[in-house]
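*Asks:* Taken from TrEMBL, the feature substrate binding site covers 21, 22, 23, 36, 59, 60, 61, 62, 116, 156. Taken from TrEMBL, the feature (2R)-3-phosphoglycerate binding site covers 36, 116, 156. Taken from TrEMBL, the feature ATP binding site covers 330, 356, 357, 358, 359.
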Ligand SMILES: Nc1ncnc2c1ncn2[C@@H]1O[C@H](COP(=O)(O)OP(=O)(O)O)[C@@H](O)[C@H]1O
Ligand SMILES: O=C(OP(=O)(O)O)[C@H](O)COP(=O)(O)O
């Protein structure tokens, strides 16, 4: 079991730097989902009740993406959940931020600017390197302790996740603790019948490497979204390329094509790929068989035949894990695959876990009932990594921090 300290181990009335993950779906600059806010608000409420002064550190999107925006609206959404004001400062560790941190009083909550706007936060590097960044050095000297509640980012070796525990006392927040325990417990469960995993979404880099590592607990993988297309490309089909200005496919292909080929050849588990796909034609949804694809276009959902194949597999399963939508479900025309798969899981007599910030959002978007699933995790990449039984960089850092 774990050996990290939690917020139960904190003396009251401390000055705390609290890393949360409120990375959310964003459309036209506006946050679309508050699921993660609601969870982290619980931790912050508890910390306020113990008279701590709190500065919140978080990220949104990745540099260069449309979802990479300021956290000003995030501070407002958190304030709504806390039912009290949350001050926002458009700076993370510069003079303006330090001034705001200095004037923090007990039970105050200050929200710092998007940490991914800071040099040193990215890319993934060893904790020792991250601990030496100006970001970590500067902020750590302002606080008595660091609380990591950002389980959904615990698989990233970023400065705000792995750097602080090396230089300041580190504690797990409630969300970190609860998600860690729940996702670790899923790994331990044994099933007599088949276990199926639906993999989709855009972050194929997080899911491609886990397929072979999950072969001991998953019998069938059903692929859609970007990962589905990359596997079809490896299987010899003329798709899975960046077209229409996308930047989703080629860099992930370059980094992972060998692993994909290995996963396709494995006998340890079944990897099911789409046999038809949906795309936009004259403003409507159109479908084509994968076998007939010649022309490059953006494919935005799995097709009807694939949906039938995957939902049949789900109906036969004793457990189903989901990470990532199998199509661009935010657009109703391309939501069929994701919604029908989730509905089939909800109807099936199986243990089910749905993970990922965007994927969890689809449950709410299409009025599915969260109670029909055994568990909906706010984490995506971190949850699938936890299923492999391998450690998460953020958890390792908390454990190191607890050893002193
Ligand atoms: N074929 C596709 N092309 C582009 N985007 C896709 C495709 N299929 C799914 N997506 C997108 O994947 C996103 C979710 O991906 P990801 O961030 O990896 O999942 P999560 O946040 O749930 O872990 C959804 O917002 C959806 O629009
Ligand atoms: O939303 C997140 O992960 P997820 O999409 O796997 O749920 C986390 O905030 C991590 O974000 P990142 O994948 O840009 O590092």
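Cβ coordinates come from backbone N, Cα and C, glycine included.
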*Asks:* Please list, in sequence order, those binding-site residues from 23, 36, 116, 357 with the Cβ less than 6 Å from ligand 2.
*Replies:* 23, 357
*Asks:* Compare the Cα of residue 36 ((2R)-3-phosphoglycerate binding site) against each of the binding-site residues 23, 116, 356, 358, 359 and report the nearest.
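*Replies:* Nearest by Cα distance to residue 36 ((2R)-3-phosphoglycerate binding site): 23.
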*Asks:* Could you tell me which of the binding-site residues 61, 356, 357, 358, 359 have their C-beta within a distance under 6 angstroms of some atom of ligand 1?
*Replies:* 356, 357, 358, 359
*Asks:* Other Cβ atoms within 10 Å is the metric here; tell me which of the binding-site residues 61, 356, 357 scores highest.
*Replies:* 356
*Asks:* How many angstrom lie between the most widely spaced Cα atoms of the substrate binders 21, 22, 23, 36, 59, 60, 61, 62, 116, 156?
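*Replies:* Farthest-apart Cα atoms in 21, 22, 23, 36, 59, 60, 61, 62, 116, 156 are separated by 18 Å.
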*Asks:* Return only the integer: C-alpha distance in Å from residue 330 (ATP binding site) to residue 61 (substrate binding site).
*Replies:* 17
*Asks:* If you draw a 10 Å sphere around the Cβ of residue 36 ((2R)-3-phosphoglycerate binding site), how many other Cβ atoms fall inside it, taking every protein chain shown into account?
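*Replies:* Excluding its own Cβ, residue 36 ((2R)-3-phosphoglycerate binding site) sees 28 Cβ atoms within 10 Å.
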*Asks:* Just to confirm: which same-chain residues, 6+ apart in sequence, have a Cβ under 8 Å from the Cβ of residue 23 (substrate binding site)?
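*Replies:* Residues satisfying the criterion: 36, 58, 59, 60, 61, 152, 153, 357.
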*Asks:* Where does residue 330 (ATP binding site) sit by DSSP, helix, strand or coil?
*Replies:* coil
*Asks:* Determine the most Cβ-crowded residue among the binding-site residues 21, 330, 358, using a 10 Å radius around each Cβ and all protein chains in the structure.
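*Replies:* In terms of Cβ crowding, the pick is 21.
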*Asks:* Starting from each candidate's C-beta and looking 10 angstroms out, tell me which of the binding-site residues 59, 116, 156 has the most other C-beta atoms.
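*Replies:* The residue with the most neighbouring Cβ atoms within 10 Å is 59.
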*Asks:* Starting from the Cβ centroid of 36, 116, 156, the recorded (2R)-3-phosphoglycerate site, name every other residue in that chain with its Cβ within 8 Å, sequence order please.
*Replies:* 21, 23, 58, 59, 60, 150, 152, 153, 158
